[in-house]
Structure formats: structure tokens, C-alpha cells
């Protein structure tokens with residue numbers, strides 16, 4: 001029963017189209033050709049039994065058949081076995097050197113070609129992922145071996161007399177509970193993952209350390225490794241509680257024209273293992289860490305399934321881990337997945353899960369390309385003179401009065417300068433800039449545009465000359481006497497007079513004053529003070545008998561009325577009515593209407609407004625009633 005067989009060709013082609021469609025446009029070399037596909041290569045490593053653990057004397061549940069295949073017992077039917085086929089299988093007796101030389105070392109050459117590569121260690125907790133990646137001083141793992149060989153390659157290729165100058169930098173981070181933490185600079189806090197205009201995944205603020213030798217690497221890497229979060233569980237005394245990512249970047253600059261630049265990145269990833277909390281005994285913080293690890297690994301499985309099925313949306317953004325692995329799975333990197341499994345029978349379900357994930361991952365198709373930028377295509381400028389975005393000025397400088405236009409005549413320029421401008425325009429377009437629209441236009445359309453611009457300029461000049469002639473005639477006509485002006489030819493056109501805009505004056509407001517107040521003002525020899533307003537003398541509008549009657553009626557209602565009766569008054573709501581009733585029960589009846597100020601929540605201004613509204617209302621009712 002073959003559980004790791006090849007997927008149908010149609011499904012792989014759909015996955016390749018989805019995963020590679022957005023990446024092939026980033027290639028700076030051979031932009032018209034689609035990058036060739038490169039399948040994710042999968043290697044499986046079976047660790048030996050650990051002394052002193054339960055089940056160490058039991059027979060293993062996994063058995064290797066050859067250097068590329070293995071079989072495991074079928075838990076549904078013990079008489080059958082599940083067979084898996086991978087790119088490489090390393091048994092219990094395989095060494096660190098065998099794994100490195102067989103699977104990892106061949107991809108280092110791609111970095112010198114400006115391409116990306118990644119190595120991922122996957123498997124359950126306690127299966128030996130960290131040992132595979134780091135190793136020990138006696139048996140170094142993938143990371144120290146890869147750095148040693150990569151630095152040796154850069155010294156050979158970037159030596160004196162070689163066409164390229166090479167530099168290497170390193171960054172080290174961990175993803176702990178969905179937080180990206182810099183292990184080289186632990187105080188930097190949670191970092192964000194971004195994507196630039198060219199589709200490259202980057203982390204702003206991540207520390208980069210230049211390294212030139214393996215001693216430089218150890219000086220930065222060993223202290224940073226101690227900053228990684230680890231913890232003890234029932235299955236592992238030093239269990240990794242986070243995903244660790246070592247990023248090594250190789251920058252290349254060509255020493256001679258055309259001064260190309262290349263950039264290759266190597267991701268060395270030690271994933272945290274999936275955990276069964278029933279067997280690990282996680283509680284509290286360990287349980288929370290386990291939940292974050294299992295959640296990110298679950299999203300990783302969803303990404304692999306989406307790539308294999310050719311779905312239109314791949315959930316890279318559902319987890320920080322998959323967002324960072326976007327280049328490694330379905331992206332532009334040469335990827336190696338090392339699946340670590342354990343032989344003990346109590347690891348059986350974890351082993352089957354890891355093998356199924358590895359079988360699905362080997363169907364993922366990446367499209368690596370050479371990430372190369374060509375700074376100048378013509379001329380012989382050195383790197384020290386290089387300045388992207390500022391082309392060489394023309395030999396004959398333009399006068400100060402001459403206006404520069406993107407549609408100026410390119411045919412009159414020096415051919416070398418024209419070639420420089422076109423090359424710069426292509427460079428800006430490849431980097432995401434809009435560039436000059438005139439240079440992006442095809443030659444025939446550009447000539448039509450320049451001809452149209454020339455015609456428009458001539459038309460504008462002709463209209464300006466005609467306007468000056470008309471103005472001169474008008475000035476000459478104004479110099480004549482008035483009789484000549486009247487007898488002058490009507491054919492002479494005068495310039496249009498500027499239109500005067502009349503602003504409407506504000507309307508006057510008529511204020512109707514009460515009769516008593518107007519009589520009072522008429523007998524006063526001096527004007528009233530400015531602070532005295534007509535609305536403050538509202539009592540003058542009402543006869544004294546009506547005013548006294550209104551006050552007495554309001555006072556009776558305040559002393560005898562219920563809360564419902566009080567709400568019939570103006571400006572009295574449910575809350576104020578209850579306050580009035582409560583005050584009356586505590587302090588007795590009101591002696592005058594002005595005592596309403598003593599009630600809590602009623603100010604003097606509110607009392608004045610209350611009197612004015614109610615007494616004027618009573619007066620209006622009496623006037624409108626029968627005489």
C-alpha cells in the first residue's frame with residue numbers, strides 16, 4: 001500500500017501555476033521566460049532508540065527498505081504495512097555528515113547564483129530536530145556545517161581577481177506564541193513581517209550581523225542560541241518552545257561593467273515539534289505554548305494542502321510561521337524538508353502524521369529564479385560613481401528659461417545619453433516606479449505626441465500675439481478724443497471688463513417690543529444700559545393682576561399637586577417633579593415660587609425660565625379663552 005505515491009500531473013501543474021505565477025515576474029534575468037519548476041525535496045531521518053525510555057526494548061514501528069523508501073505498520077490492519085517513497089531515507093545508523101552531504105550541501109551552490117534556499121526540520125517533539133540542525137561539538141549538525149562550507153565558497157568566489165565581490169550577513173529569530181523575536185537583539189520586542197514591492201518577505205528592524213569567518217559566526221550565534229525559549233516536558237527535558245529561523249544572506253556585486261548585483265538567502269529552520277498534551281503533561285504556560293505550536297503547524301499543513309490542490313487562496317497570512325515560509329513553500333526557494341521520526345511504538349501516531357505531512361510536502365512545486373539587478377547596461381561607470389535614479393546629464397546644458405518636458409525631442413539628443421535614459425527607465429519600471437511616461441511610450445506614438453505638443457505650443461503663441469495686438473488697438477483708441485471715440489469704427493474690440501460681483505447686504509431685522517417697554521423707553525432721556533435686554537423684562541408684558549394670579553396658581557400646584565400634576569407644568573419632567581415632591585415632604589410647603597431654587601438640581605436660571613414659560617402660558621390661555 002503506497003501512501004507516498006506521486007500526485008496526478010494535472011494537480012501538480014495547477015499547484016505550480018498558482019504558486020509560481022506571482023513569483024516569476026520578480027526575476028531580473030530572463031524576465032520573458034518562466035522560471036523552471038523545482039519540487040520540494042523531502043528526506044526522512046529515523047533516530048535511534050533513546051536509552052532509559054519506555055519501550056526501548058520493543059521492536060521499532062518503522063523499518064527502512066532502501067535509501068529512499070520505508071514502511072510502517074498499518075494501525076487499521078496489523079497484517080499490512082504503509083510504504084512511503086521519499087528523496088532520501090536515513091536510518092538509525094546514519095551520521096550527521098551523511099544527512100548534510102546527501103541533502104543539504106548540494107543546494108548551497110544556488111546561493112552564489114542569486115537564488116534562495118531553505119532547510120526545514122519537521123517532526124514531533126523528541127524526534128531529534130534540534131540535534132539534526134545544531135548537533136553537538138563532537139557531531140555538528142546542518143547549521144554549523146552549512147555555514148562553514150558557505151563561508152569557504154564565498155572566500156573562493158570573492159577573492160582577489162574574481163569578477164564578483166561577496167559579503168555574508170546573518171540574522172537569527174524565533175517565533176514564540178505568534179511573536180517574532182530577534183535572538184541577536186532580545187530587547188527589540190515583537191517584530192512585524194512585511195512584503196516589499198518585489199514580493200520578497202522581509203522583517204524591518206531585524207538585526208543583521210556581517211560575518212567573514214566561522215569564528216565570527218560562532219561569536220554571534222552561540223549567545224543568541226541561549227536566548228531561545230526551551231522548557232522541560234515528560235518527553236523531552238529541553239523541548240523547543242518556539243520555531244527558530246537562521247537567515248543567512250549572500251550579497252554579490254560585480255566589479256566590472258555592467259555592475260550587476262545578486263542576492264541569495266538561506267533559511268535554516270528548526271521547527272518546534274507537535275505535541276500531544278496527554279503524553280507531555282503540559283499545564284499552565286507549557287499548555288499555552290503547546291497550543292501556539294500546534295496551531296501554527298496546523299496552518300502549515302493547510303498551506304501544503306492548498307498548494308497541492310491548486311486553490312486560488314493559500315493561507316500564508318494565517319500564521320507568522322507560514323508567512324515567513326512563503327518563499328520556502330510554493331515560492332522561489334530550493335527547499336529541503338528533513339522529517340524526523342522516532343522508532344518507539346508510543347510515537348506511532350506522531351510518526352504517521354509526520355510521514356503523511358512529508359508525503360504531501362514533496363508534491364509542492366517552487367519556482368526559483370536568479371534575483372539579479374543590472375545597474376547600468378552601457379558606459380563604464382564604477383561602483384563608486386553609481387547612483388540609481390540620477391542619469392548622466394546631457395553635454396549641452398539647457399538654458400534657465402527652457403522648460404524641461406518629458407515629451408521633449410529625443411531625436412536631437414546624443415545617442416549615448418538617449419540609451420542611458422531608456423536603460424534607466426527600464427530599471428525604474430522593474431523596481432516598481434512609474435517612470436517617465438514619454439519614455440515608456442512606443443516610438444510611433446511618442447512621435448505623434450510630440451507633434452501634437454508642438455501644434456499646441458504654436459496655437460498658444462498665436463493667440464498670445466493676437467491678444468497683444470487687440471490690447472494695443474484699444475490703448476490707441478483710448479488716446480483719441482471723446483468725439484473720435486464715438487465715431488470710431490465699431491469693429492475695434494475692447495477687452496471685456498471684469499465682472500463686478502455685488503455682495504448682498506444682510507437683511508435688517510425688525511424687533512417688536514412690548515407696549516409697556518416701548519413707552520418706558522420713550523420717556524427715558526438716556527438710553528438703557530447695554531446689558532439690559534428686552535427679554536429680561538418679560539414681566540412688563542403682563543398685567544399685575546394676571547401675574548399675581550399665575551404665581552398663586554403655580555404655588556398651589558407646587559404645594560398640593562402630585563408628581564403627575566407637576567409634569568403638566570412647563571420645563572418640569574419626571575425627575576424634577578420627583579425632586580420637588582421629595583423636597584416638599586422634607587421641608588414643608590413652598591412659601592413662594594422663588595423657593596424652587598432650593599430644590600436640588602434646579603438652578604436660578606432654570607427657575608427664571610420656568611416662571612417665564614408657565615406664567616406666559618397661563619396668560620395666553622386666559623387671553624384666548626372666552627371674555
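Keep in mind that glycine also has a Cβ here, set from the backbone N, Cα and C atoms.
For the domain 'Kinesin motor' (39-364), the mean pLDDT of the prediction comes to 89. According to TrEMBL, the domain 'Kinesin motor' annotation covers 39-364.
The ATP binding site annotation in TrEMBL covers 123, 124, 125, 126, 127, 128, 129, 130. When other Cβ atoms within 10 Å of the Cβ of residue 125 (ATP binding site) are tallied across all protein chains shown, the result is 24.
TrEMBL lists 374-408 with the feature region 'Disordered'.
Annotation source TrEMBL lists compositional bias 'Low complexity' at 397-408.
According to TrEMBL, the feature coiled coil maps to 453-480.
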Near residue 126 (ATP binding site), how many other Cβ atoms are within 10 Å of its Cβ?
24
Given the recorded ATP site (123, 124, 125, 126, 127, 128, 129, 130), which additional residues of the same chain have their Cβ within 8 Å of the Cβ centre, ordered by sequence?
47, 236, 273, 340, 342
Name, in the order they occur in the sequence, the residues of the same chain whose CB lies under 8 A from the CB of residue 128 (ATP binding site) and which sit 6 or more residues away.
45, 47, 340, 342
Return the residues near residue 129 (ATP binding site), defined as same-chain residues 6+ apart in sequence whose C-beta is under 8 angstroms from its C-beta, sorted by sequence, else 'none'.
121, 122, 123, 240, 270, 271, 273, 338, 340
